[in-house]
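In what follows, a single structure is set out as structure tokens and then discussed.
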Amino acid sequence: MAGLKRRVPLHSLRYFISMVGLFSKPGLLPWYARNPPGWSQLFLGTVCKGDFTRVIATKCQKGQKSQKKPSHLGPLDGSWQERLADVVTPLWRLSYEEQLKVKFAAQKKILQRLESYIQMLSGVSVTTAVPKSERLSCLLHPIIPSPVINGYRNKSTFSVNRGPDGNPKTVGFYLGTWRDGNVVCVQSNHLKNIPEKHSQVAQYYEVFLRQSPLEPCLVFHEGGYWRELTVRTNSQGHTMAIITFHPQKLSQEELHVQKEIVKEFFIRGPGAACGLTSLYFQESTMTRCSHQQSPYQLLFGEPYIFEELLSLKIRISPDAFFQINTAGAEMLYRTVGELTGVNSDTILLDICCGTGVIGLSLAQHTSRVLGIELVEQAVEDARWTAAFNGITNSEFHTGQAEKILPGLLKSKEDGQSIVAVVNPARAGLHYKVIQAIRNFRAIHTLVFVSCKLHGESTRNVIELCCPPDPAKKLLGEPFVLQQAVPVDLFPHTPHCELVLLFTR
């Protein structure tokens, strides 16, 4: 096996992977049920299992055991608060400089494995596909740090369940697992990434719950009413709270009474200390409900949060996606903009665009911006932001990208260059989206933003870069990974955004 040919027999690949310990049973892969087994199944087992950042972080933590506990935790005996910090913010014991080193090493490791799979598929010899050195084919830039290290989250979601003292009306974050039946809800006001305002609203929500005669909904199918709390803030200090409530069999009159009680608590009662600018209430009969499934009801205040970013005033609805670190998001979007290389002859295609910030921030440099987003409210926000900021060369489409993108691309002129930007959720992109991008030859540049380059996102990258495969309807020329830029939006945690530039 000194060198693999361009079209490597499947059985040879299986043999090679089994020899180096990379083979994973196809049935364990999430996409195996809907796609026939092929080359993608052969390479993703390790990536699905390999959260390299967490592994490295754990090793660093073990080396920090004897370090003096930081003063922000106070006179704790160490247990609930420290245990929660170790789960939610595993890197909190490290200095920020050390955290960045851990994350950079992890991102480099991810890219090395990813490149080895791509090279193998392209017929590169095994000796170079799995190098012993730490060289990369793509250019890996230094990690861009977050401008804000503590209290940076602009959105936090708090759960309700039994606390360490057994009180079922405790508001915080979970420790333990449902499988083991040892779930405990621990107050989170000591966590470094949670701003004081979020903790304050959570504490007053707990006060409200403990004086309410209605029971909380601890296990979804076992009754109870009060559920989680989401808090959103902007850089001006405006605060939106969203309370999720299981209506069970309450009448509309009874629901109205509960809404009035919680409204009164946060306007004139003890909760007025939070200074909420808006309070939403959602009646949710499922564990997760969208606005379309169960509308967010505004009990009082302003219906939106507004943010200033990249010289734009941005409108954010209750369930619209917006990066949770505003200052870090500006660094991320500037990085994306620089990598796209757009000009006045370029159409910018923004897939999974959220509130449209990436596309709108680059609109003045392009001929047109086309955005696609699943959440209808986010699309309405993007359209409002475009109109408010006087941007006239943008259009945004609501729906599933895999259904909208093929038709949208067919309608465009063949001669015009298109730059695509994708910023999918952790689940990655639907394979039909990858097919559309791959097979539309006018797309020569693609910027892929991922906060978790494992599992489906890895499969996305491999399908973008593999040789043409008629069986998988990947007919266009493959993309080549040119540059990678890690951007830290999540200090104290193992997570990091990775911006990848592909060209062809």
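Cβ coordinates are placed from backbone N, Cα and C, and glycine is handled just like the others.
If you take the C-beta of Cys451 (active site, nucleophile) and look for same-chain residues 6 or more apart in sequence within under 8 angstroms, you find Arg426, Leu489, Phe490, His495, Cys496, Glu497, Leu498. If you look up TrEMBL, you'll see Cys451 marked as active site, nucleophile.
For Gln323, Glu373, Asn423, the entry in TrEMBL reads S-adenosyl-L-methionine binding site. When other Cβ atoms within 10 Å of the Cβ of Asn423 (S-adenosyl-L-methionine binding site) are tallied across all protein chains shown, the result is 23.
What TrEMBL lists as domain 'Methyltransferase' is 344-410.
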Inset, instruction - Helix, strand, coil: count each for the residues of the domain 'Methyltransferase' (344-410), based on DSSP. - result: 31 helix, 16 strand, 20 coil
Inset, instruction - For the recorded S-adenosyl-L-methionine site, whose residues are Gln323, Glu373, Asn423, find every other residue on that chain with a C-beta no more than 8 angstroms from the centre of their C-beta atoms, and list them by sequence position. - result: Phe321, Phe322, Cys352, Cys353, Gly354, Thr355, Val357, Ile358, Val449
Inset, instruction - Would you pick out, from the binding-site residues Gln323, Glu373, the residue whose Cβ has the largest number of other Cβ atoms within 10 Å? - result: Glu373
